[in-house]
Amino acid sequence: MAAAAAGAASAELVIGWCIFGLLLLAILAFCWIYVRKYQSQRESEVVSTITAIFSLAIALITSALLPVDIFLVSYMKNQNGTFKDWANANVSRQIEDTVLYGYYTLYSVILFCVFFWIPFVYFYYEEKDDDDTGKCTQVKMALKYTLGFVVICALLLLVGAFIPLNLPDNKNSTEWEKVKFLFEELGSSHGLAALSFSISSLTLIGMLAAIIYTAYGMSALPLNLIKGTRSAAYERLENTEDIEEVEQHIQTIKSKSKDGRPLPARDRRALKQFEERLRTLRKRERHLEFIESSWWTKFCGALRPLKIIWGIFFIFVALLFVISLFLSNLDKALHSAGIDSGFIIFGANLSNPLNMLLPLLQTVFPLDYILITIIIMYFIFTSMAGIRNIGIWFFWIRLYKIRRGRTRPQALLFLCMILLLIVLHTSYMIYSLAPQYVMYGSQNYLIESNMTFNDHRGNSTLSVPKRCDADAPEDQCTVTRTYLFLHKFWFFSAAYYFGNWAFLGVFVIGFIVSCCKGKKSVIEGVDEDDSDLSDDEPSVYSA
């Protein structure tokens, strides 16, 4: 019987890994389509394209590991609180190690991408803009600039490796004994602290990116879907009127020099501005004419009711997310041990919608995992929407714009790096919404309960299941590997807590701004001074 149960469990796990493999193929296909959709048709490069696809795929795969982690720790136990027949100590340990090694691998790849490969490819193409530069010189200059990122990564790993999480028991120990203790602690943790510190540092940057891009995208994406874009025919009519008006101004200025007199400096400046404006308007005319007659515009028009439905659905998801985050943060403010503990609480004193919904969905497999996956993917897609709407800025200087079919290779690399950082912050955001669920999933454990029977005037002890929490015995409840990475350092948790309040504030401001803004132009960005803009034939997906 035990062998049969183990065989059935193994078959289920194989099926699960097959599904995960199909998910990986779907992720790679999506990344290829997404990158090809936005990259510039004139400046596309093989290396930057592969780097962007690979980085975006790593971001999505890492985000998919959280529900897998929760599922595996939950799958080892029955609903009555007992371990399944095949889930002995060795098997449980193997599953935990497999997930942990998965995190090690993906987080190491993220560190490699963020601190070496993406900066190297970016600086390589920056040097390529100089026509006189050879290939060897490009590689040397790119490596020189990338070396700074490598040094930062090494410093983060060293600080994380030797920062004292625990103090020696003997307070009178010598300096050598303290150093020896740090090395022993590093060996016992298998480098977990070093990697956790580095990832937490990147997560802190990802938190800032999420505050800027995700919070705004969470409000802009659904409202843009509901409002739609302006009519191409109506915009073309307005554009024709603007062309006629500008041409009249140009003729008026040129008429002043018909007798051979030179134009004053003021009129020359005005004439130059009008001529530049006329070139932009004629460019808009070509784009509008193409879009108005394209099949994609007609197809998008047919999908308009579906877009409105999706917009309303995304608004409900955003409200669920924001209300849950607000109540969770309020719970931490009222019931946590304070900033010295990183505002960590176990369980929930104030119930939030998501924390109440997940236990209900756990009764019907796999609804809870579907909801978590939807929230994670929504978080990523709204981040993409926020980056597209805001662009990539360095303080008050806009570096790049993300436009369909007109995005430069450097901008795509920036986009993928920002998404990598935001994905790292996603796990903590989910933990903030449902801490107990992220720690233990749907696990139960057995507690002894005394039952009194009046008829027999006696007591009986029964084992009843209880949801796993911080008070559960370590051998009865398995903590997810995600939690081990999240809470190695209290000061990062404290920073994430204040970041959640900033996230909520930016969401409210972004929602008000998105409500006040009118419909977007069907050729958003064509009338602006944008180095990414091409005079070539517009993409059919511009509509």
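Glycine is treated like the rest: Cβ placed from N, Cα and C.
Given the structure is predicted, the values throughout are model-derived calculations rather than measurements.
Copied over from TrEMBL:
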TRANSMEM  14-35  transmembrane segment
TRANSMEM  47-68  transmembrane segment
TRANSMEM  101-125  transmembrane segment
TRANSMEM  145-165  transmembrane segment
TRANSMEM  192-216  transmembrane segment
TRANSMEM  308-327  transmembrane segment
TRANSMEM  369-399  transmembrane segment
TRANSMEM  411-431  transmembrane segment
TRANSMEM  489-513  transmembrane segment
The transmembrane segment (192-216) in contact with the transmembrane segment (47-68), cutoff 8 A, at least 3 CB pairs, sep 6+: no
Same-chain residues at least 6 beyond the ends of the transmembrane segment (47-68) whose Cβ lies under 8 Å from its Cβ atoms: 20, 23-24, 27-28, 30-32, 34-36, 39, 99, 102-103, 106-107, 109-110, 113, 117-118, 121, 124-125, 369, 372-373, 376-377, 379-380, 409-410, 412-413, 415-417, 419-420, 422-424, 426-427, 430, 438, 482
Contact ranking winner - 101-125, 308-327, 369-399, 411-431 against the transmembrane segment (489-513), Cβ under 8 Å: 308-327
Positions on the same chain near the transmembrane segment (308-327), where near means CB under 8 A and six or more residues out: 218-219, 221-226, 350-355, 374-375, 378-379, 382, 429, 432-434, 500, 503-504, 507
Tertiary contacts of the transmembrane segment (101-125) (same chain, 6+ residues out, Cβ under 8 Å): 45, 47-48, 51, 54-55, 58, 61-62, 65, 138-139, 141-143, 145-146, 149-150, 152-153, 195, 198-199, 202, 409-410, 413-414, 416-417, 420-421, 424, 481-482, 485
